[in-house]
Amino acid sequence: MEEGMEDRHDVPDPDAVHEQEPLLSWGEPPIDEEDETLAPNVNMKKAPAVDADQEPGVPSYEEVDLDSAALRAQGHEAALKRSFSPLAALGLGFSITNSWVGYLSCFGQNLVYGGPQSVVFGLLVATVVQWIITLGLSEVASAFPSSGGQYHFVFILAPRRHKQFAAFVVGWMTLLGWWIVTCSGISLCVVTVAGMINFWNNDFRATQWQLYLIYLATVFITSAPLFLCPRLVPKITQATLFLSVLGFLVSFALVIGLKKHTQPSSFITQPGLGTSGWRSGTAWVIGLGNAMYAYGGTDGAIHIAEEIPQPGRKVPQVMNLTMLIGFLTAFPLSVAMMYGVTDINAVVKSSLPSAEVFYQVTGRKPVVTFMMCWIILIYYSCLTSQWVTAGRMTWAFARDHGIPFSDYFTHVSPKHASPTRATFLSLLFCSIYGLLYLASTTAFNSIVTSAVLYLNITYAIPQAILLLRGRSKSLPAHRPFHLGRWGYVCNALTPLLVTVIVVFICFPPQLPVTVGNMNYTPVILVGLFGVILAFWFTTGRRFMGPKIDWELLGVRLE
């Protein structure tokens, strides 16, 4: 790190940057003369030619040096190839959220909270809420593109006396969040496979050890490409994007074309169909938190920022296109399903609600099997992207000495051109965490819910700091993605919305509360935070964060 910060003699005058073709694609902010000194001073010399086996379009000429200079200003030297094209990055971002298949895994709980109304309109409101959060986060990612993501933003934005502790806590929240969210993706594969067996054989009930064996098999199958054929990973993420979009089109066409019954519109809008025991308003807000699972992990593209050309421009585009594709796939399918469902109680009681709805709509088991096999294939293919993101986040945090044995886990394998040790650590954590299946699936799912909340909290913290410290002095004036006045709206609403979500998700899912339906999320949130504090007092003092060149970065915070 320090070597990159010493070589400052070849940095040109900042005005030279302004002569280059602008990198903006979503509108440029007005530039005041007095703010021109805030432009990042980047090295403009020509980069070497791209390898012949590089992903087409990644990268070219000045892009490499511009991106490396921007990263150097943030305290790091480039260590990974920029091998993800914009399409491959979009494939990774969308395959992580994969809204339509993600919502298929949890919409049954919305039926409990408020019936079809909660399923359809809860998703609509969740889209607006998550998009506000994502817009604000993507602007910060545009200003400070780094694989470290949220903890890196906090370290840059927070006051000097608080930045080390705040960044360390956010870093561990992000790391634990991504590790456990990856476990959630593995769990979806397990539950769906077991559910399809039960769909054809009603007497089948998978034991805990059988579920864990499926879980372990999923871990090894989905992580294999990162170790056996790492150069093909960008192509795999692209293929997953096409597989998912095509799967949506096929599923939507089958639901519409084979529908045997159509509910009236009043059935979709009718209130009071929930069975949770909560009053309608409270149940509806709790259901909103559940619907936001459809957009979990919108920060995925941030953690490969150092492997994308022009990340300041491309990462925000990927994040917002992920939201757009997610809405255009999840919302139409949820509406079509609710118009075709005939027995809500049967769906709620089913071990696999999505398969039950498809069966009620089409009435044909072979068709349902075909649809669910396609969805299982999507679930499995999406996990490769989650392993990439979890591994990159682990590697970035280790690079700043945020985890024990950080020197070991910062290693980038020359053979694989990726941080294989950090990825293996993520794999090891998920394998051990899966043992909770043997003890309690309730505990397993409660921790997963807590992890999703942790990620949303990490989206809110840098935006709250940004708002409090002042956007004009905290962000470079010439960042590629500029929200203008709307940035204040996003930065102000995000902490408020996340706080409301955190509070209501901690409510018990049903009344009256029993040992069986108790919500352990509040206990786990506090417990995980306790673990983070324990790390702070034992190893946290080694975490110093990146060595920022404030002048080169172009902000007034230091």
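Numbers run from 1 along the shown chain.
Quick reminder: no glycine exception, Cβ is built from N, Cα and C everywhere.
Feature annotations, courtesy of TrEMBL:
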type	residues	note
COMPBIAS	1-21	compositional bias 'Basic and acidic residues'
REGION	1-41	region 'Disordered'
TRANSMEM	87-113	transmembrane segment
TRANSMEM	119-144	transmembrane segment
TRANSMEM	165-197	transmembrane segment
TRANSMEM	209-228	transmembrane segment
TRANSMEM	240-258	transmembrane segment
TRANSMEM	278-297	transmembrane segment
TRANSMEM	318-341	transmembrane segment
TRANSMEM	367-389	transmembrane segment
TRANSMEM	422-440	transmembrane segment
TRANSMEM	446-468	transmembrane segment
TRANSMEM	488-507	transmembrane segment
TRANSMEM	519-537	transmembrane segment
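Using a Cβ-Cβ cut-off under 8 Å and counting only residues 6 or more beyond its ends in the same chain, the transmembrane segment (367-389) has close neighbours at 91-93, 95-96, 98, 101, 104, 178, 181-182, 185-186, 188-189, 192-193, 196, 199-200, 218, 221-223, 225-226, 233, 236-237, 239-240, 243-244, 247, 250-251, 254, 258, 297, 300, 303-304, 352, 354-355, 358-359, 423, 426-427. Of the candidate ranges 119-144, 165-197, 209-228, 422-440, 446-468, 119-144 contributes the most Cβ pairs within a distance under 8 Å of the transmembrane segment (318-341). Within the chain carrying the transmembrane segment (446-468), a Cβ under 8 angstroms from the stretch's Cβ atoms is held by residues 133-134, 136-137, 140, 149-151, 153-154, 157-158, 166, 170, 173-174, 176-181, 183-184, 187, 292-293, 296-299, 433, 436, 474-475, 488, 490-492, 494-495, 497-499, 501-502, 505, 519-521, 524-525, 528, all 6 or more beyond its ends. Counted as Cβ pairs under 8 Å, contacts with the transmembrane segment (87-113) are highest for 278-297 among 165-197, 278-297, 488-507, 519-537. Between the transmembrane segment (422-440) and the transmembrane segment (240-258), the number of CB pairs under 8 angstroms, six or more residues apart, is fewer than three, so the stretches are not in contact. Taking every recorded stretch in 119-144, 209-228, 488-507, 519-537 and counting its Cβ pairs under 8 Å to the transmembrane segment (278-297), the highest total belongs to 119-144.
Nonlocal intrachain contacts for the transmembrane segment (488-507), taken as residues 6+ away from its ends with a CB within less than 8 angstroms of a stretch CB, comprise 129, 132-133, 135-137, 139, 278, 282, 285-286, 288-290, 292, 449, 453, 456-457, 459-461, 463-464, 466-467, 471, 519, 521-522, 525. Through the fold, the transmembrane segment (119-144) approaches residues 74, 103, 107, 110-111, 113, 150, 152-153, 156-157, 268, 284, 287-288, 290-292, 294-295, 298-299, 302, 305, 311-313, 315-316, 319-320, 323, 326-327, 330-331, 334-335, 337-338, 456, 459-460, 462-463, 466, 475-476, 479-483, 486-487, 489-491, 493-494, 497-498, 501, 553 of its own chain, all at least 6 residues removed from its boundaries and within a Cβ separation under 8 Å.
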